[in-house]
Every structure is written in C-alpha cells, then in structure tokens.
Amino acid sequence: MQKLSSFGLNAKILFLRNAIAYHCKYSSFKSIDSAPELKDFLKGMKAIRYYLEHSNDFGDIHRPIFSLDCWTEKLKLDKGDKRLRLPPWLKQEIPVGSAFHNLKKSLRKLNLNTVCEEAKCPNIGECWGGSEEKIATATVMLLGDTCTRACRFCSVKTSRNPSPPDPSEPENTAKAIVDWNLDYVVLTSVDRDDLEDGGASHICKTVKEIKRQNPKIIVETLLPDFSANEQCINLMANSGIDVYAHNVETVPRLTPLVRDTRAKYDQSLRCLRLAKVFNKNLVTKSSLMVGLGETEDEILQTMEDLRTHQVDCLTIGQYMQPSRRHLLVKEYIRPEIFEHWKNVGKRLGFLYVASGPLVRSSYRAGEYFIKNVISQRKAPEVSD
C-alpha cells in the first residue's frame, strides 16, 4: 500500500471517480439500473486495489476525448447558484512519476517553498513531472510561505507578522536551480509589507546568487508591487533579472473585490511602467484572470492599459476557486474564447500572449519565445 498512500486520499477518490464516471476498463455498467450486485462491486474494487498496488503509474487509464459541444452543464453562475461544475477542459491528471517526487524531495531538503503548491496550481504535474522535451522545474516562492496580504482569490497563507526571511534561502534557491540544469527560471514571492523594503533586497540577493553560479540563465521574477516604492522597483529592475513580471490580476472594477485593499490597479500599472523606466532592456509581463464577472469590454480595456504602460507579455487564464472560503467562479470561459483574446493581444502589439484555461502567470508556455526576445535585445549590447 506504500504507493497508494503516497497519493493520499484525494488521489484515491479521484481515481475511483474516473474509473466509474469515465467508463474505464474496470467498469462495465452504463447506468445505475445495470449496476452490479454488491458482491460483484466489492470484487471489482479488490481488482482496482490490486492494480494500484502493483502498477507503475496511471498512464494506461484511458480518458475520453471530450467534445466541447457535448458539454451541456452551465458555464455561468446565476443568482442563487452555489457553484458551477468543473468542465472537462479544466481537469488535470494526478501528478506522478519519479521526476515529480525527486523534485519535491529536493525542495523539502533545501527548505524551499513553491507557488505551485501554495497556490494549488493545476499545472504542477506537467511542470514538476517534466517530459522528454521539458526538464522538470518548479517556481520557487521566496520570502517564506506566508503573505501579509489577503487577496480573495489566493490560497497562500496570510499573517500580519510572518516569520523573518530565511537568510539561507538565496543560496539554497540558487543551488536547487543550478542542480535542475535549467536555462530559464521563474521566481516569485509573497508580499512582505512588514519588511522595510518589502523584501526587495532579499529577492535581489537571490537573483545575484543565481547569476553568479550560472550567468547564462534567464531569470524571470514575478514580483509584489512594493507599494510602488521607486527605490525597490529600481533595485529589482537592475538586479540582473531578465523578465520583470507583476500581475494586475483582474479588471479595475473588480480589483477592490478580488485583491487586498493595499493592491491597487493603477499602482500595479505604475510598477510595470517604472520597471521599464529604470531598465529599458527588461521584458515586462503581467497576468489577467477571467471568470470573476468581468465583461469583454473590461478585458479589452485592461489589455489596452497594459500596452499603454509598455508591458511586453501577457498571460490570461481561468480563475479557479482554491477553496470554499475563496471567491466563487462566476463563469467558466470556453477554450475558443481564450484563443480570441490571444489574437486580440497580438493585434494590440504584445510580443507574446499565452491565453488558455490552464495558463498561469508563471506558466512555462512562453519561455522559449521570451528567451529569443531577450537574446535579440542583448545582441546589440554584445556588438557594441
């Protein structure tokens, strides 16, 4: 039972649900009326239990290819509704594999936190598991696992007085990233309003340590707003990072509802603009969640605002409720709508737009494109 227990109760429940609801090879009945007798059902469960204990992975479970046109459940929350059912295009496989577990083990050994876990990212299996084409990687979350802000969409722990930053974190982070043999890494952090500089010097130290050990690595940092403190933004813009990312998260109208009261829409735009002022060679990036009740006009206006502030790259993804105490999903956006916004972004002049239901701000979908952009921008410096 060692392997089964490693997945935990949620994995077992999800597997059994898939085995029945998706008509895997273990279930032969098609409806409640044709369901087997109890003794036959228990016999089937015994077979499944044996399979879980003796198989290597879940790779041979056949999930059907869903047709979007066949999905007849509601996608928009009406007044009085409790919550929407999760559509099939947002369901992900259970994270498995040696790469996944080895990466998790290395993170624990170095006492590092990741936004992948703390924010319950749906792409954790893809990024941590890696593949033949992609090296397994994680987005390290600096300055601890506790944020001083309490945004209503975010599952990261909150406190007015988190623990002091771990002084060994910069070195441990650099060690992990160098060991992973990456050429592109994403760092993020919690907000630390309790620190005089918002943690900017700590993040800066981490970036410099990474660059010291591997000068060629491209570093993207998903940063707090630092309360729009110019000194902090300047420090980060010239810390050696290649991509300065800060998320507006949502449209202006919903910002007071969705984000902490200290996080303001105009303040976020100002941070992104200042980063470019302090370092014109930076690639700037932001992210937008949809499905919180925004309108199409509001999405377009937000995208235009970002371009006005010279933001280069944009990610757009579906908001997914992390727990019952967080904001409800108002609407599940269909995949073809995300494709529409991707095309709109291109017309507006973004260098790159990653738009899809499971796209997240630290998602690796655009890293290869951004690498090329950075290389092209650095080329004139080398020739000079």
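Yeah, the Cβs are placed from backbone N, Cα and C, and that goes for glycine too.
Database features, via TrEMBL:
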| type | residues | note |
| --- | --- | --- |
| BINDING | C116, C121, C127, S362 | [4Fe-4S] cluster 1 binding site |
| BINDING | C147, C151, C154 | [4Fe-4S] cluster 2 binding site |
| DOMAIN | 130-351 | domain 'Radical SAM core' |
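Overlay of TrEMBL feature records on the structure.
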residue : record                          : CB count, 10 Å
C147    : [4Fe-4S] cluster 2 binding site : 23
C151    : [4Fe-4S] cluster 2 binding site : 20
C154    : [4Fe-4S] cluster 2 binding site : 22
